[in-house]
Protein chains: 2
Amino acid sequence: MPLPRQVFIAVIGAGGVGKAFLHQLSKLASNLSCSPSAPTYLSLILLSTSKKSVHHADYKSLSNWETELANSTTPPLPLPRLAEYLVKAPGKVVLVDNTSNQDVADAYPMFLKHGVSIVTPNKKAFSGSYQLWTDIFAAASNGQGSGGCIFHESSVGAGLPVISTLKELVETGDEVRRIEGVFSGTMSFLFNSFMPVGGGGGRFSDEVKTAKDKGFTEPDPRDDLNGLDVARKLTILARLAGLKVESPTSFPVQSLIPKELESCASGDEFMQKLPEFDGKMDDLKKEADKEGKVVRFVGSVDVAKGEVKVGLEKFDTSHPIAALKGSDNIIAFYTKRYGDNPLIIQGAGAGGEVTAMGVTGDLIKALRLLQ
Amino acid sequence: MPLPRQVFIAVIGAGGVGKAFLHQLSKLASNLSCSPSAPTYLSLILLSTSKKSVHHADYKSLSNWETELANSTTPPLPLPRLAEYLVKAPGKVVLVDNTSNQDVADAYPMFLKHGVSIVTPNKKAFSGSYQLWTDIFAAASNGQGSGGCIFHESSVGAGLPVISTLKELVETGDEVRRIEGVFSGTMSFLFNSFMPVGGGGGRFSDEVKTAKDKGFTEPDPRDDLNGLDVARKLTILARLAGLKVESPTSFPVQSLIPKELESCASGDEFMQKLPEFDGKMDDLKKEADKEGKVVRFVGSVDVAKGEVKVGLEKFDTSHPIAALKGSDNIIAFYTKRYGDNPLIIQGAGAGGEVTAMGVTGDLIKALRLLQ
């Protein structure tokens, strides 16, 4: 029987997803049988937020991260120093980036080249410039490189098996023709409430307010309504399907922010003025209703045509996208093998627990490779 | 740069799934970058059907399997001799079992113990006796053992990511409460045609005939209608969810074969007499219709209650199970993290290409572990 092996875990970000991940990490069997060679012991050696950080120079495990972090007065390590600390660790290291920080994302190629593996829900690493995308996979050992490995299931659809399924379709030689779906929990909730199948629903601005009050939107709802979050997810899927998408702003993205409100100084001012624009959304609703359809905010990739787009579309009430409930996501893969009836994945695509689950699942996959 | 490494592939079964798999295997990049250590070269060293077999004593690759198999006059190797051949191969071996043969399944623990990895859609290995299940995972390195690894995605829902998703839910610490769905392409097609949402549909015996004529049933349709295929899939899912299910006959399974026809000498006789029993199915249809529901053949696992069952149930016309199309499968995972809205996977759950895709995907996973 081979000796047990230790893998060092460093976590950046301790917000909703970060906390849920740390909780899941603490429950992962200390004796993971995920490797053919030996049991694995996980040591949390660094935890960092945007404000402060805790780690020990001798790589001792953080025995009680909540207390240690609360008591810490150390500011977060600058990225080059963080890299230095991780690279010198006496064993394999997995960096868990639970932030949505662009600077951290930009440093992935450097971490990977130095043998540090990465698991993350951070969309910015995979939906920013195409150069960053190629740099990351040129360095990663599960790309073309020989460095650490990288997994990012939760960058689309949280813990739903979206990225892994698309990768498997591609790797096993299927021809992915079209990807279509509802990729935002906020947009899902908004339109399932605004125009439910069977009629009803309030004014659009009221539904935005309800979503905001329930915590389903970003603090400033414009950060959801501008469509950029969905555009980032579509960028990732399109790239995995083989399209060279330059950036999330290089294809048509419909913003639901009225032009006149783009310059509002605050989210509050925006919310105050939004009702003035309900007429346009009402017209759209009536128009769809006349055709026996409903309106949904969707994204799609047409691989053959090389087209990616994000915005409002009308769907028959019997369409799976129309029947979505709550804040669920739905993703349909149309491929050569699956023919007219797509492979569909559906469920909660946002929330700390399910997002962290995708990260924890990725960590297990990374550990299996780190033998 | 490490040296390229060779992995030996042995394939049993060259029917619909087997042929599709061999086609996918030939298209897999000979230079798979699925390992952090080195490119991988795959050598097909053995191909066997129930009638004949081809392999070279010196482990030379089969350069043209179709011709070599067609020209072969060698009968298949007995299992102990097959094991001997594979164990002595000068490198790692993956056995791809594309049969549904119980004898081959019974030999898995022996293969695994000797370091041979296995990928397979063969349900019988995982839904037979509980002893075989424990023996397999006691031997496998991705179980509790130190032998070869084993993957069986296509044993439920063909290439749909059902097994991998359930395993990830469990491994990351979610609490799986209930699994429910339509697990048979044949049963899906039959009931979507017999009682479509919105009315219509023919007599039950006519729909069985249509399904048979289209090749959607086994040669003898009783092999679908007895529910055993679905019961086997539920056995696998229930065991993965932690229930100790003794066998696929140790829980209630509703057979759609009328008692009086169980003793028919042939499938043809059965098909001839089936129309006499249409009345009972018509009554069921009328009863469901009165309640505004449709009838579907489903399986479910209630993890908390430890209950597994398979049979006919009524569903609201708005339920995702009612809205299924063609011969699609649908699988819903109700878990603590996903709450009231389950994680749903839907799509073709039968057919050579999509079943083979699950096997090819498993092969890639196995290769990543075989470093």
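Each Cβ is built from the backbone N, Cα and C atoms, and glycine gets one as well.
Feature annotations, courtesy of TrEMBL:
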type: BINDING; residues: B:G13, B:A14, B:G15, B:G16, B:V17, B:G18; note: NADP(+) binding site
type: DOMAIN; residues: B:13-143; note: domain 'Aspartate/homoserine dehydrogenase NAD-binding'
type: BINDING; residues: B:T99, B:K123; note: NADPH binding site
type: DOMAIN; residues: B:161-364; note: domain 'Homoserine dehydrogenase catalytic'
type: BINDING; residues: B:E218; note: L-homoserine binding site
type: ACT_SITE; residues: B:K233; note: active site, proton donor
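Checking each of the recorded positions (B:A14, B:G15, B:V17, B:G18, B:E218, B:K233) against B:T99 (NADPH binding site), the C-alpha distance stays within 10 Å for B:A14, B:G15, B:V17, B:G18. B:A14 (NADP(+) binding site) is surrounded by 21 other CB atoms, counting those within 10 A of its CB over all protein chains shown. With respect to their backbone Cα atoms, B:G15 (NADP(+) binding site) and the residue listed as 'L-homoserine binding site' stand 14 Å from each other. Checked against B:G16 (NADP(+) binding site), the recorded positions B:K123, B:E218, B:K233 differ in C-alpha distance, with B:E218 being the nearest. Annotation for B:E218 (L-homoserine binding site): spatial neighbours B:T186, B:D224, criterion Cβ-Cβ under 8 Å with sequence separation of six or more. Counting only same-chain residues at least 6 apart in sequence, those with a Cβ under 8 Å from the Cβ of B:V17 (NADP(+) binding site) are B:N98, B:P121, B:S154, B:G352, B:T355, B:A356, B:V359.
Close to B:G18 (NADP(+) binding site) in the fold, though at least 6 residues off in sequence, lie B:V11, B:I12, B:T49, B:N98, B:T99, B:A356, each with a CB less than 8 Å from its CB.
Note on the binding-site residues B:G13, B:G15, B:G16: the fewest other CB atoms within 10 A surround the CB of B:G15. In terms of Cα distance, the binding-site residues that sit within 10 Å of B:K233 (active site, proton donor) are B:K123, chosen from B:G13, B:A14, B:K123.
Summary of the NADP(+) site environment: with the site residues B:G13, B:A14, B:G15, B:G16, B:V17, B:G18 set aside, the chain residues having Cβ atoms within 8 Å of the Cβ mean position are B:K19, B:A20, B:F21, B:N98, B:T99, B:G352.
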